[in-house]
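Report on one structure; see the data block that follows.
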Amino acid sequence: MTMSRSRRTLTLGLLVCITAVAFEGMAVVTAMPAAAADLGDAELYAWAFSAVMIPQLFAIAATGRIVDRTGPVRPLLIGLFVFAAGVVVAALAPTMIVLLVGRFVQGLGGGAVNLCLLVVTAQGYDPVERARIMTWFSACWMMPAFLGPGVAAWVAEKFSWHWVFWMILPFVALGLVFMASGLRHLPPRGDTEAPENPVPLLAAVEVAVGLALIQAAGQELGWTSLLWVAPGAACLIHGWPRLMPRDFRLAVSGLAAVVMVRLITAGVFFGLQSFLPLMLTSRGVSLLVSGAVITIASVGWMLGSWLQARPWLRLSRDQIIIAGAVCVALGAAVTATSAWLPAVSLPLSLLGFTASGVGMGLQTASTSLALMQLSSEEEIGRNGSSLQVGEAAGNALLVGAAGTVYAALTPVASPTVVFGVQMSALALIALAAIGAARRIGFVENHSRLA
């Protein structure tokens, strides 16, 4: 792939920005226990993560609306500055409340950045180049999974948890420097008519609040949970359809099916990932080995992302998505089997979760590419926000559901039954992604035309 100098620096800047956002997510998880011990208010610990998710969902939807009017450059720059401001607030935080404010601001900026990077890729590269760019994006997401936790733990112990946040700022600055010349060559869209069906911002607020309420209900089961579930479900039912692509229905093809595949597979994969280390350590596997299972699955993700961009892969883009959904479902089934068979849980879970990782690599890049091909230019921001909101919602709903099953069964059942029921349910849900993938319809694979 031959590029001009401005395109090379744009590409490098995009990769650095993705690394910054990914490192923030991976490293801060490791540093948060030290921050909580230092700042106190341990009861607010869980909100350090929810404080990012809620504004991120809103920012993705709102940015999609803005991008379709103005183009991605201005929202991307604003998003990076907002993200950096949140990092500074968190790094300087003297109390847990201030840290939560910083995390909230980070969520706003990070959501805007993620959406804009997708649109910049759609506008700045031709269809053949996009598949390769997506492979590099996956590598930038996976690299912090290898290095982020260890580096963050070392920095927090040697210096302070504050420095884990400060470390993120150089990545943001480098990304801005590298992207500067390339972004100038992207055409502004201020003279383009706004799409007829813009993202309703109130719906974004409803979905974010609804997911937060449902997650809160799952943390402590009882009659009082209904006080959270009922309004949370009402918010989701009312707001969700309005955030999806035009004419969205659960059973239709095209963009709606693309969003559903992404939602289900992401939710299943991260639902398994959230509880797989807990299952393995409860069976005597060391934390180091349990973490290695997750790391190897990340390698599988990178492998799948690499495969989807190979010119010798003679599959259409929709067929690659189907293959990815099948791998996720088969891997989830093998992982669920490992939950029922403690004696062989380590090798089976390693095999199954790695297969799911390969599937995620195949379908995550391919659903983004399919969305670009199925969207008109004026609606790429709106539909891109639908895809990313769907992914975030799938994570929140299915990880939350897995947690609810764990909380409900742990007092009354053996660990084998708890993890077996939980992971079997996720494997069954994964089958729905295969059905959705089959309904997408033909999407050309431009990589095989290269």
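We number each residue from 1, going along the chain as drawn.
The backbone N, Cα and C atoms fix where each Cβ goes, glycine too.
Since the structure is predicted, the reported quantities are computational estimates derived from the model, not experimental observations.
What TrEMBL says about this one:
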DOMAIN    10-448  domain 'Major facilitator superfamily (MFS) profile'
TRANSMEM  46-64  transmembrane segment
TRANSMEM  76-98  transmembrane segment
TRANSMEM  104-122  transmembrane segment
TRANSMEM  134-155  transmembrane segment
TRANSMEM  161-179  transmembrane segment
TRANSMEM  252-272  transmembrane segment
TRANSMEM  284-307  transmembrane segment
TRANSMEM  319-341  transmembrane segment
TRANSMEM  419-437  transmembrane segment
Cβ contacts the transmembrane segment (284-307)/the transmembrane segment (134-155), at least three under 8 Å, sequence gap 6 or more: yes
Stretch contact, the transmembrane segment (161-179) with the transmembrane segment (76-98), Cβ-Cβ under 8 Å, 3+ pairs: yes
Spatial neighbours of the transmembrane segment (134-155) far in sequence, C-beta under 8 Å, 6+ residues away: 11, 14-15, 18-19, 22-23, 25-31, 117, 121, 163-164, 167, 294-295, 298-299, 301-302, 305-306, 308-309, 361, 364-365, 368-369
Averaged pLDDT score, the domain 'Major facilitator superfamily (MFS) profile' (10-448): 84
Candidates 76-98, 104-122, 319-341, 419-437; stretch with most C-beta pairs under 8 Å toward the transmembrane segment (252-272): 419-437
